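Undergrad: Have a look at this one.
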Amino acid sequence: MVILLGPLLLVFMLGLGLAPLSLAKDEDRYTHFLTQHYDAKPKGRDGRYCESIMKQRGLTRPCKEVNTFIHGTRNDIKAICNDKNGEPYNNFRRSKSPFQITTCKHKGGSNRPPCGYRATAGFRTIAVACENGLPVHFDESFIITSQ
């Protein structure tokens, strides 16, 4: 019996050791999500805004075709991952309330910098993928405009 418990204990201890690694990975994915899609207080919401922020965030090597920035608080965005401001939507969570957003679309041409972008500002509900209560992926294809 003692011999059987040894390997079980080892597996249990390894599992405990891997849990922090998994949480750290989720934090990294959340940080990446924020870098790509979060801008609390945009300075203007036109083409120059898009060209500037896309370059600052490292999204122009190569020029990213489409990227949306969410303007709100981190807590409001995180709340989509629970029932406070989110609801299930396929494999994602859809926000119950609209967010102010800016979508930057590449004007075309070369995918090498300098990248030109068109900005579309608006309010809409958004869909995100969540892991351990944190948003880790923004669904660019989900578009429902608010009334």
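A Cβ is built for glycine as well, from the same backbone N, Cα and C atoms used for every other residue.
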Undergrad: In Swiss-Prot's disulfide listing, CYS63 is paired with one of CYS115, CYS130. Which one?
TA: CYS115
Undergrad: Looking at 55-59, 65-69, 85-89, which one does Swiss-Prot call motif 'Nucleolar localization signal'?
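TA: Based on what Swiss-Prot states, motif 'Nucleolar localization signal' spans 55-59.
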Undergrad: Please name the cysteine among CYS81, CYS104 that Swiss-Prot pairs with CYS130 through a disulfide bond.
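TA: Looking through CYS81, CYS104, the record in Swiss-Prot gives CYS81 as the partner of CYS130.
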Undergrad: Out of ASP46, CYS50, CYS115, the recorded positions in the record, which is closest to CYS130 (disulfide bond) when you go by Cα distance?
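TA: So, of the listed recorded positions, the one sitting closest to CYS130 (disulfide bond) is CYS50.
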Undergrad: Identify, in sequence order, the residues in the chain of CYS81 (disulfide bond) that are 6 or more apart from it along the sequence and have a CB within less than 8 Å of its CB; answer 'none' if there are none.
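TA: Listed in sequence order: ARG93, VAL128, CYS130, GLY133, LEU134, PRO135.
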